[in-house]
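Participant: Provided herewith is a single structure, encoded as structure tokens, for subsequent inquiry.
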Amino acid sequence: MDVTPIPGAALGAVVHGAHVTGDMDKTQFEEIWAALDAHLVLVFRGHRTPSYEEFLAFGRRFGYIPKTGLTSGAHPDHNEILIVSNLVEDGRKIGVGDAEWMGWHTDYSFRPRVSQVGFLEAVEVPSCGGETLFTDMYALYESLSPEERKRMHSYRVRHAMRTGYEETIEEKLQREVSLGGSGEQILPEDGTSTIHPLIARNPRTGRQSVYISTLNTERIVDLAPDDSRKLLDELLSHAGKPEHTYAHTWQPGDIVMWDQLGTVHAKQAFDPAELRVMRQVVSIFDDPTDPWHAEVAA
């Protein structure tokens, strides 16, 4: 397996020669983790196209893959696999998504059990547009002064599924749930709204990130609404800065794996007359409290 940093990119590396199934050996498994921690985004190329089952098994090597909870838009036999597309067949929408810009986010931040790693595979791509952008949110935290870091560690943030998507989620999962909130068992798929600390910590590397997004972050609950909006806008202005962002131009067969805790991602718009069809799985942390053991900055 060969890992090559992407020339001129702020983050990201291309991986050739990987065994993209669940039965990879321990050496490759550890090499992929190390590469992800170093580069945050990995682009797998030159591999045999995995079946749906192999794609799911590959993702499961890197954490628990929850079901999407969607009533439509997921693979009919494997609800864990999200179909992302603008495809319409016989008047019926296939998957979720459209050709418009999709704002900065990290998957499942509105659930108490947040995402750890994302996996997105390109099945069909448009001739232009549809790139996925990734911004390093560890870099944002590391740019803060010690005083700013200490203040940020005291804040909690409400995340919620974006308006208009609630009806696609199973009704029993539509609620606000927070870790330690009620003592009841929390299912991996539970929740469409939750509260998390503003600062997250990668349990493997110890790096800390500012855990917010434009798409799913509603407000900092410890601040007045106007103060919350002002600070969130200031922090989110980091997203998309070229010195901290990688724009991935898709090729059919690409599998991109990324650190969901330390990055946010967005999708560029494309011509709706063209097709963009992807399949995605997301792993969550085995211990849902792992991302929230951040130590207060000195």
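Positions of Cβ are set from backbone N, Cα and C atoms, glycine also.
From Swiss-Prot, for reference:
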type    : residues               : note
BINDING : His105, Asp107, His265 : Fe cation binding site
BINDING : Thr132, Trp250, Arg276 : 2-oxoglutarate binding site
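Locate each feature and note its surroundings.
Facilitator: All protein chains considered, the CB of Asp107 (Fe cation binding site) has 23 other CB atoms within 10 Å.
Residues within less than 8 Å, Cβ to Cβ, of Arg276 (2-oxoglutarate binding site) and separated from it by at least 6 positions along the same chain comprise Val84, Ser85, Asn86, Gly97, Ala99, Glu124, Val125, Pro126, Gly130, Trp250, Phe270.
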Participant: Would you identify the secondary structure of Trp250 (2-oxoglutarate binding site) according to DSSP, in three states?
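Facilitator: For Trp250 (2-oxoglutarate binding site) - judged by DSSP and reduced to three states - the answer is coil.
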Participant: Counting across all protein chains present, how many other Cβ atoms fall within 10 Å of the Cβ of His105 (Fe cation binding site)?
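Facilitator: His105 (Fe cation binding site): 22 neighbouring Cβ atoms within 10 Å.
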Participant: How many other Cβ atoms are found within 10 Å of the Cβ atom of Thr132 (2-oxoglutarate binding site), counting all protein chains shown?
Facilitator: 22
Participant: Measure from the CA atom of His265 (Fe cation binding site) to the CA atom of Thr132 (2-oxoglutarate binding site) and give the result in Å, rounded to a whole number.
Facilitator: 7
Participant: Long-range neighbours only, meaning 6 or more apart in sequence with Cβ under 8 Å: which ones does His265 (Fe cation binding site) have?
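Facilitator: Long-range Cβ contacts: Trp104, His105, Thr106, Gly118, Thr132, Leu133, Phe134, Thr135, Trp258.
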